[in-house]
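Listed in TrEMBL for this protein:
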- 182-216: repeat 'PPR' (REPEAT)
- 351-385: repeat 'PPR' (REPEAT)
- 413-443: repeat 'PPR' (REPEAT)
- 444-478: repeat 'PPR' (REPEAT)
- 545-579: repeat 'PPR' (REPEAT)
- 760-852: domain 'DYW' (DOMAIN)
Amino acid sequence: MLPLCKPPHSNLGYILSTLDSKFLTLKQLQQIHSLILTNGHLASTPLITTFLYSCYHSRNPSYALQFVYNLPSSFSKPSLWGSMIKTSLESNNLRDFFTCYDVMMRCRNYDANIPSVGMFASIFQYGAKVGDAQLGRLFHCVVVKWGFDSDLVLQTGLLDFYAKIGDLRSAKKVFEEMSQRDVVACNVMISVLGKHGLIEDARVLFDSMLEKDSYSWNSMVSCYFKIGDIDSARLLFDKNPVKNTISWNVLIDGYSKCGYLNNADNFEDFVTLYNRMRFSDVRPSQTILSLILHCCASFCASQLGKTVHGEILKWNFNHDVVLQTGLLDFYSKIGDLSSAKKVFDEMSHRDIVANNAMISALSKHGFVKDAQKLFNSMDEKNSVTWNSMITCYSKIGDIESARFTFDSNPVKDIVSWNAMIDGYCKSGHLNHAEELFHKTEVKNPVTWNTMIAGFVQDKEFLKALRFFDHMQDERVRPTEVTMVSLLTACAHLGALDMGEWIHGYIKKNKLKIDAILGNALIDMYSKCGSISDAVDVFHKLQSKNIYCWNSIIVGLAMHGYGNEAIEYFLSMKKEGVKPDGVTFIGLLCGCSHSGLISEGKMYFSKMETDYGIEPGIEHFGCMVDLLGRSGLLLKALELITKMPLKPNAVVWGSLLRSCHIHKDTELGEHVTQRLLELDPYDSGNYVFLSNLYASLSRWKDVDRCRKLMMENGVQKVPGWSSIEVENVVYEFVAGDSLHPEFEEINGVLVEIGKRLKEGGYEADTGGVLHDIDEEEKEMSVGYHSERIAVAFGLLRIPFGKVIRVVKNLRTCDDCHNAMKIISKVYEREIVMRDRNRFHHFKNGVCSCKDYW
């Protein structure tokens, strides 16, 4: 406690220094009061105001009231009352405020200048700040009673108060009743109109203003951003003749919140905008520089980011921890870990956010031990810290350390659970992920999305769709990310009905179809056999990236529309989109499936010369397929022997399929030998050679192949076919008799056999691998999985609807011929996706023109 005794020579400096103490007792305040009274020449309004503040800070407001109340009439009490009222409001003590106000009003009998305009302005300012609508409205009535309602300052204060508590009606009334509307009042009104979405009214008021300051322009720009009208906001910004730092801050912050800066297509415009700001003699704020850094990090814009780093040094912001952390994140995301470390080492103060960013950077670049060392050195850790380490371990596949960190985390939040579930999913431990998922008490959309994406990644597509059903049962709103995963599942399953339902859900719930979701829709429709819908989605996309173009070109190629794939490739060039390796895979596949030999050769030769893309193993595989299918087997073999890359199983496999098509046993045996050298455990190689021998009735060679498979422990991959009926996907294998409706299906198969013979069908039993009589062979091919799936479709899918079947292997010649006749005699369109491409059977004809 501060001792206080009367000094030999009392002076103003001593009294003021004593009042600066944080806390004084009532006795000490009384002693100072005595000093002021006994040294009348020291008494002044500033000293008395300081004394009153000290009373409040020492929690003796009642003594302050007593002090003012007993002051001689020579002092200007209105200013003192105003000071006390302001102090009580700043202390957020309404009880002291009303006590003070009550005492002040009792003094009105002695001073006609009480109350004052300034005092009411403080009250309205406080009401606006804390959102106390009742207090503000109460004193609005008091202002009217005392006749201050025509005062411009108070009217503006009232307008601001009603604006900030969201009372548009009262704000409008105050504004309309103002005797004079200055620029400040108009600015407040523009803000409140914009806040309530009345942009047209705000613009009318803005245009009517004879005088506009920077705040006027900034408020109007902000209004447009609030409704997402980026173009109008930018147009108004460009017209603003009084731009300042806040103007640029409003523009860049508006762009950020509207998602404009999330789109790579807008990045060039953003760079131009930033350069304009740099050369306009405007000192950028830390907020602007932070937003720009974030944008540079998102798009890996290394040059611009380094320029921003220079600006930070130029404006002496290099000690700002937020900007330093932003720089650290930027350098990490562009892959410059040494610069990220340098920024981190130079930080004078490293808060928990900076440490977390550094752990994330080290984790991203695989420096797990360094990340762990920093983690262990941190005195303060939050959920982000623990989650970063969980993610760090998960990335390198150390799932045990990730789980240990998760279990040790004392501040688990939903992100912690999601990070651990994601770690399990990405490491292929779906059972542990699902177990943890069910233990999570609070789940958000990310939790569900992570599990659904995990099932898709693990090719558990049916489980992904079932999880989505559970998600709906729990009334969790799906996001765009959910839709992308589900569409991927539908694409692999060929589940068009479910895919169409998801597309409808996206439209109904107005989810944003950006390039990523649009690409997923294109891919789904293409792989589910509806290429027309894929094309429709493609053309409706407002923004298309390289992946969208590739998906539509590959989709057209899969469906045998080689010429159309070329047309889209040419359109892609006109749009200024640079093709990549995937583009040419689609292009060459399209040429191969459509027999466009010269076109395929031309584009293959132009890949490197015209587009700077070095052909990869996949492109050589496409060319071998193109030449082989067209019967140019020796040309295909020559290409393989001369290619600069070591041919893999895919390349030799393409040639082997061509040998089977063209019945070239000698070359087929040579190719198979190469394949068996590359992978002696791939059953497909044995099956292709066996089929080739079987087609030529070389049964001893077929048996030799079978024995060789058994000796090497190789098992044939079972063929299966799937079909979607009423949003449920059914799978069948060859000779499948376990289905609960098999008797009905078998009845349809028998009927199909009869009608096929009536339609002129003769079974092609050349591919049957057993030396059995022809009748048994016919029975064997008659129960291939795709035949069973189609029979089930005829049984369950209404007439007029397309029957869609997905097969995991290449469809055999016999089934291909049978499908053509079934489509004609049953007047049904059948769309089949096998391992290589799509077949559209209609009126006895296949879209592949028997070239597959």
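The backbone N, Cα and C atoms fix where each Cβ goes, glycine too.
Each residue in the repeat 'PPR' (413-443) has a pLDDT score, and their mean in this model is 94. For the repeat 'PPR' (182-216), DSSP puts the residue distribution at 26 helix, 0 strand, 9 coil. When the repeat 'PPR' (413-443) is classified with DSSP, helix, strand and coil residues number 23 helix, 0 strand, 8 coil. Assigned with DSSP, the residues of the repeat 'PPR' (351-385) fall into helix, strand and coil as follows: 26 helix, 0 strand, 9 coil.
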